[in-house]
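Before any comments, here is the structure.
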């Protein structure tokens, strides 16, 4: 009777914990949906055509489209031709932000894409696979009357991918091509109030530079930055979740160190997963408000990569340690076939990120997709990572199938046990299946919310209430994986209760021959975790 009471209490505790975690999960979604604004804002910019008639264009001079000391402007290239102004003397200037506004460190990053307005002209047609050469410079200042200070300067190539729907005849002259957006610039911090972009299109017919690119009418930029309100909500969540995971980690590892045995592999992996989650949570982004840390985007990618690699490794080891067969798996080397694809895929994505955002630390105008070699290299890394991911999920699905099949087989031995022991192990089986279903639910919710955030307009409006779907996705999924790690450490902390010594009489008595000690790598007296008592064990009578 005592075993049944203990098991019922344990199940009630599990339900209470599950209910509390569900409440926190709902709160995480509501924080993003109702409190935070949209994660990002897109701002269109139209460049202003300035005249630079100096003989030496290499001398530092910044052409400003508006405000004090603004440049001399022209309306279009027809005016330039009538005034005998050469193409090399025209600079496309863009001031960031728009008039009467300021940028803020709370915006975190700036991403710019470019769109060219190219008109069709019979004597200046756009060649197939044409490349445009851009001489671009970026500067900043924090006061409207300060001198501009250069951040970066580069000569960049961009491939033009344009289509023309009308027949190329005299009647079609002046109509615009439909051109794809071009990657232009990405910078990982917004530490200054004002930014200035100067773009030149140098022409050299002898070298074939900017020849056969059509008649460019205008250059448009779209700037994307993180909303300050969303940044504050995001920082607040990180600040709240960091001590929460740290506390459960300390409690979890203390429970392990109280045991006389050494930690087993699954316990180490769960603790490592908690460390990787804490690594993501630590709100180092607070420092980006006061420091010009352009590497924060790359650092964020590395942190997420470490967590996802640990999460995928945990799933493999979790299934392996619950396989309930005779194989010894309490070593990481026993999972090299399954963990190997994770390591290779993660390494490929790391190299790809370093080739893109790593180079952008020095040259924010760089893009790996702008050259054939860069594109082929990037695609190679992504394809290899994709193959590794497919192999991983094949291994994982096979192992999950084996675990559930083995558990079903072991359940046939339950009727031969005493009632208290049967209730206990039925509870353990329930916990394993419960955690597996929670894992699948978390993965499914991540995929579903990602798809919904991509196909919706970004917000839903119900009466007077507006729900920001994209913000709810970010805060909800981020909170969900924190709660998942929290639940893992809570449920898999070693138990100091001994269910092996039933001293009851009658039908609850457990004889020495009937005692079901499901063998695991842990054989010490003070016992394994409750789930480990089930994991990888063989019924012995």
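Using N, Cα and C of the backbone, Cβ positions are placed for all residues, glycine too.
Given the ranges 265-284, 505-524, the record in TrEMBL names 265-284 as transmembrane segment. Among the listed stretches 233-253, 265-284, 379-407, the one sharing the most Cβ pairs under 8 Å with the transmembrane segment (339-359) is 379-407.
Within the chain, the transmembrane segment (233-253) has long-range Cβ neighbours (under 8 A, six or more residues past its boundaries) at 28, 31-32, 35-36, 270-271, 274-275, 277-278, 281-283, 285-286, 471, 474-475, 478-479, 482, 485-486, 489-490, 492-493. Residues 14, 17, 21, 24-25, 27-33, 36, 39, 230, 233-234, 237, 241, 244-245, 248-249, 251-252, 255-256, 266-267, 270-271, 273-274, 277, 281, 307, 311, 314, 431, 435, 438-439, 442, 445-446, 449-450, 452-453, 529, 531 of the same chain lie 6+ residues outside the transmembrane segment (472-493) yet bring a C-beta within less than 8 angstroms of a C-beta in it. Tertiary proximity for the transmembrane segment (265-284) is limited to same-chain residues at least six positions away from its ends with a CB under 8 Å from its CB atoms, namely 235, 238-239, 241-242, 245-246, 248-249, 252-253, 256, 299, 303-304, 306-307, 309-311, 313-314, 317-318, 321, 329-332, 481-482, 485, 488-489, 492, 494, 521, 529, 532, 535.
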